[in-house]
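Engineer: Before anything else, here's the structure in question.
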C-alpha cells in the first residue's frame, strides 16, 4: 500500500459554484470521492487537500517527500505565477501530473503559460473533473511498474 497526494490550489473550494459553464457543477467533494475510490480499489491511500494559500501547498509538497509515490496537482491560478510551487515540486523525487479542469490553452492568453508543467511528467487539461482520475490512474500504473 502506497500513498498518493492530490493538491488543489486557489478557488477550487468553490468548484460547482464558481463559473460552472467553465468548471462544471461537480464539487471538490465529488472529485475527492472519485479519487478515493480509485486509490482504494488499487489498494492505496490518498492525501487530498485544497488551499487558497500558496505556502500551504508548498508545505504539503514538502511533507510528501519520501512518503508519497506521486502528486497530482491542480495549482489553479498559481499555475501561471508560482515559481515557489515549481521549486517545491523540483525537490519532490516522485512523478507529478498537472491537472486543469478547463483547457487553459483555449482561455485568456495569460493562462497559457504554466510554471508547473516544466516539472510535470504529464499535463491534463480540458477533461473536466475526469482529468483527476486519469492522472491518478497513471501515477498508480507508474508505481506498479516500478515496484
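Each residue, glycine too, has its Cβ placed from N, Cα and C.
The annotation active site, proton acceptor is assigned in Swiss-Prot to 23. Among the features that Swiss-Prot reports, active site, proton donor is placed at 100, with the record citing similarity to another entry. Feature annotation from Swiss-Prot assigns substrate binding site to 74, 80, 87, 101, 102, 111; the stated evidence is similarity to another entry. Per Swiss-Prot, the feature site 'Transition state stabilizer' maps to 18.
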Engineer: Would you identify which of the recorded positions 18, 80, 100 has the most other C-beta atoms lying within 10 angstroms of its C-beta?
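Structural biologist: Its Cβ has the most other Cβ atoms within 10 Å: 100.
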Engineer: Which state, by DSSP, holds residue 74 (substrate binding site): helix, strand or coil?
Structural biologist: strand
Engineer: Do any of 74, 80, 101 (binding-site residues) have a CA within 10 A of residue 23 (active site, proton acceptor), and if so which?
Structural biologist: 101
Engineer: List nothing but the one residue from 74, 102 whose Cβ has the fewest other Cβ atoms within 10 Å; the candidates are the binding-site residues.
Structural biologist: 102
Engineer: Please report how many Å separate the Cα atom of residue 87 (substrate binding site) from that of residue 100 (active site, proton donor), as a whole number.
Structural biologist: 20
Engineer: Long-range neighbours only, meaning 6 or more apart in sequence with Cβ under 8 Å: which ones does residue 101 (substrate binding site) have?
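Structural biologist: Correct list: 15, 22, 23, 24, 74, 126, 127, 128, 129, 131.
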Engineer: In Å, rounded, how far does the Cα of residue 102 (substrate binding site) sit from the Cα of residue 18 (site 'Transition state stabilizer')?
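Structural biologist: Between the alpha carbons of residue 102 (substrate binding site) and residue 18 (site 'Transition state stabilizer') there are 13 Å.
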Engineer: Under DSSP, is residue 101 (substrate binding site) part of a helix or a strand, or is it coil?
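Structural biologist: DSSP call for residue 101 (substrate binding site): coil, neither helix nor strand.
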Engineer: Give the residue from the recorded positions 23, 87 that has the most other Cβ atoms within 10 Å of its Cβ, counting over every protein chain displayed.
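Structural biologist: When each Cβ's neighbours within 10 Å are tallied, 23 leads.
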Engineer: In three-state terms from DSSP, label the residue listed as 'active site, proton acceptor' for me.
Structural biologist: helix
